[in-house]
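Annotation comment: Swiss-Prot describes 4-24 as transmembrane segment. According to Swiss-Prot, the feature NAD(+) binding site maps to 82-111. The annotation substrate binding site is assigned in Swiss-Prot to 219 on the grounds of similarity to another entry. Feature annotation from Swiss-Prot assigns active site to 232.
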C-alpha cells in the first residue's frame, strides 16, 4: 500500500511538473502578456488533484494543458525581419507614437500623414531610422491614397506589404446628436469610415502578396453607445462592422483582420480649443431658431467642458494600445478584437449583454453625470406644458 501510494504521489507530482514546464516554455515564446493564464493553470492543477481522484485529475489537467499549449502556440510572435507596414494618421497622437514604436522594433514603416511638411512629419524624419518613410496621405483624398500606393509599391517591389494599420480619425464636436450639423456627421464618416475603406481597398493587392494583416483602429465608442458621440460613435461602429466582414472575406487570401477598440487615451483626436470655438460658432450660426431656443446658447457653449473632462481622465500612456497592435501584426493567430484601455472591454460587454434599461442607467450615470440640462428642461412649467 505504501509503495502504491508512493508511486502515485510521484506520478501526481511529475506529470503536472512536466506539463506545466512545457506550457511555461511555450508561454515564454508568446507575447508575454498572458500571465493570468498561468496562474489559472496552476490553480486548476491544485483543484484537479485535490478534488478529483488522481487518475481523473491528471486526465483533466492534461487536457487543459494541451488546450493551453495549443492556444499559446498561436500567440507566438513572428520575427519582425524588417516587415513593411503602413500607418495612417502618423502626424500626431497614437499614430505618431505607433510609427516610432514600430520603427524601434525594426519594421519598415510607411507613415501616412496629413501634412508631410508639418511638425509631426518632420519629427518622424528626425528621430526615426532610415527605414521609415513619410508619405503625404490625406485619407479623404483618393488621389493622395493612390499616389502613396504607387510609392509604396515601387519601394517594396515584389516584397509585399505585411500590414496596413488604419489609425487616422477625427472626433468632431461632442454634443447632442440633434445639435450636430450634417457637415460634422459627414466629416466623421469621411475620415473614420470611408477613409478606412478607401485605404484598405487600395492597398489590399500588396497585402495579398504577403498574406499579411489588416488592423483597423476603431473605438470603445463604436461598441458601446455614449452620449455626445453620435457622429463619432456611428462612424467607429461602421469601422468595427467593416473589420468583421473583411475578416470573413479575406480569410481565403490568408489575410488576418483585427479591430482595435481602445478607450480612454489622451490623443489629439479631440482637437484644440481654437477648433472647438470654430465648431461652436458653426453650430450657433446654423441651428434652427426653435432648436437653439430649446437648448439655449449656454448649454451649447458648456459642451467645451467635455474637452477638459477628456483631458483629465484620459491616459497619456499609449503602451497598452501599442502592445495590442504589435500583437495583431505579429501573432501567429491574432485576436479579432482588442480592447486596450481602462474600462473599454467592460463597457462593450455591458452594452452587448445587459438589458437596455440597465445599460442606459449606468451609461447616463457615468458619462452624463456632469452634463447640464437644456434651457427648456430647466423651465419650471415645461412639464406642465408637455402634459
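Placement of Cβ uses the backbone N, Cα and C atoms for every residue, glycine included.
Here the features listed in Swiss-Prot are painted onto the structure.
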residue: 82; record: NAD(+) binding site; DSSP class: coil
residue: 90; record: NAD(+) binding site; DSSP class: coil
residue: 98; record: NAD(+) binding site; DSSP class: helix
residue: 106; record: NAD(+) binding site; DSSP class: coil
residue: 219; record: substrate binding site; DSSP class: coil
residue: 232; record: active site; DSSP class: helix
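Counting Cβ atoms from all protein chains shown, residue 102 (NAD(+) binding site) has 26 others lying within 10 Å of its own Cβ. Just so you know, of the binding-site residues 82, 219, the Cβ with the fewest other Cβ atoms around it within 10 Å is the one at 82.
Of all the binding-site residues given, namely 86, 90, 98, 102, 106, 110, none has its Cα within 10 Å of the Cα of residue 232 (active site). The most densely surrounded of the binding-site residues 90, 106, judged by C-beta neighbours within 10 angstroms, is 90.
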